[in-house]
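Trainee: Annotated domain 'Major facilitator superfamily (MFS) profile' per TrEMBL: 22-409, in sequence order. What TrEMBL records for 22-44, 56-76, 88-107, 113-136, 157-175, 181-199, 230-255, 261-284, 296-314, 320-341, 348-369, 381-404 is transmembrane segment.
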Amino acid sequence: MTTATAPTKTPRQSFWSYENKLVTVFFFAVGLVFFDRLIINFLMPFIQADLGLNNAQVGQLAGAAALTWSIASIVGGRLSDRVKSKRLYLVVLLVAFSLASFLQGFVGTFVHLIILRLMMGMFEGPTIPVTQSVLAMESSPHRRGFNLGFTMNTANGLFGGVLAPVIIVALATIFDWRTAFFFTIVPGLIMAFVIWKVMREPQAVTSEAVDYAHPDHKGGLGEVLRNRNVVLSIIMFSGFMVYLISLQVFGPLYLTNIRGWTAGSMSLILAAFGVGTAIWGFVVPLISDKIGRKPTAVVFGLLSTLAPISFVYIANPGLLGAAVFVFAAGMGVGGLAMSVIPAESVRPAVAGLAVGLPVGIGEFVGGFLNPVITGAVADQYGLASALFISSGGALVATFFALFLKESAPSKVGGTRAVVVP
């Protein structure tokens, strides 16, 4: 009895508990994933001019990483429930995708670049299901939404949305776009070492976490696909990815090619969106812990629809920066649909798969099919059409959020994960 009581009390008494250490480490790890994945969008004005790419090829480059990401996240989510060492699994993934990112600096043709994007997606895809399912297990029930939202949304916003455009565009301006890719190997190796030293194999900190540690794979896929919230999360995250990828891929090109703004101005606008993502990324899940997942997803999802439209109709850089900062509040909905809602709507034993399906299918629809199709549409009807498609994706995600069954522990009662049929 003594050994069972001590672990529960220690995290509450000390700020630097293992739970907080893990949240911090995964915050940087997930941030690095999005940093490496998204920098190509901010470098695209340089790459497009150097390699002579059209908008369709730009979309294909974005879609290449998303294609392998979508497959790897589903397979990797399932594999993360089976491997003996999640720590070693995660370290190998970090080293592999950092190396692929580094090698992008050597490419000379579109074909070379798209091959490396396929490799990056293959190694980056499983990292999200692994980190999110481990956190769902190690988190205190009342902090699950915050922990998962903070490591996913805020890390995405800070690293992929703020640091990436500022640092990478500066490196490309001072040196060249190839040097910017070379830089990425350093934080990748550092992060792999930190995870190896800090992370332990997942252990049960609550009674429900025992199920995470001993997954039951019999009938797992069928069980997960019969779950209403998981299916809705798949649709919501697919719409959200259409919104996000279209905005991130074609937004920078719209500002530089259509607005005629400098790469520096473009990077500041995208950084403002990133700051908003970083702040709202943990505020929105925290709000959802209090008022529930469903109302939070509906209200903040509507804000997402306004971000792409503001690129088209707001011509002042200062006003546009302020607008995208506010409308970035909708980014928190992506984290809810991707990990929080599916993870707490199923048995912990199949949480890795439940998170992997929205990520995988969402990546395929929104990350692969969407930029390929949207790039072709942009060549035909102009870059503004890509931003309207982005807004439409957010609207789809918001609509299907109306049909969610509430899963937040604070609203349904109790502290255990709630299995919502």
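First residue shown is number 1, and so on along the chain.
For all residues, glycine too, the Cβ spot is worked out from N, Cα and C.
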Trainee: Applying the under-8 angstroms CB criterion, which one of 22-44, 230-255, 296-314 scores highest with the transmembrane segment (181-199)?
Mentor: 22-44
Trainee: Verify whether three or more Cβ pairs under 8 angstroms connect the transmembrane segment (88-107) with the transmembrane segment (320-341), leaving out any pair fewer than 6 apart in sequence.
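Mentor: Not in contact, no.
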Trainee: Applying the under-8 angstroms CB criterion, which one of 56-76, 113-136, 157-175 scores highest with the transmembrane segment (22-44)?
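Mentor: Looking at each of 56-76, 113-136, 157-175 in turn, the most contacts to the transmembrane segment (22-44) are made by 157-175.
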Trainee: Which residues, given as numbers and ranges, are at least 6 beyond the ends of the transmembrane segment (113-136) yet have a Cβ under 8 Å from it?
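Mentor: Contacts of the transmembrane segment (113-136) (Cβ under 8 Å, skipping residues fewer than 6 from its ends): 22-23, 26, 29-30, 33, 36-37, 40, 47, 51, 60-61, 64-73, 75-77, 79-81, 86, 89-90, 93-94, 96-97, 100-101, 103-104, 107, 144, 147-148, 151-152, 202, 212, 338-339, 343-344, 348, 351-352, 355-356, 359-360, 363, 417.
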Trainee: Count, for each of 230-255, 296-314, 381-404, the Cβ pairs lying under 8 Å from the transmembrane segment (56-76), and report the range with the highest count.
Mentor: 230-255
Trainee: With Cβ-Cβ distances below 8 Å as the criterion, list the same-chain residues six or more beyond the ends of the transmembrane segment (381-404) that contact it, or say none.
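Mentor: Distal contacts: 55, 228-229, 232, 235-244, 246-247, 249-251, 253-254, 257-258, 293-294, 297-298, 301-302, 304-309, 311-312, 330, 333, 337, 341, 366, 370, 374-375.
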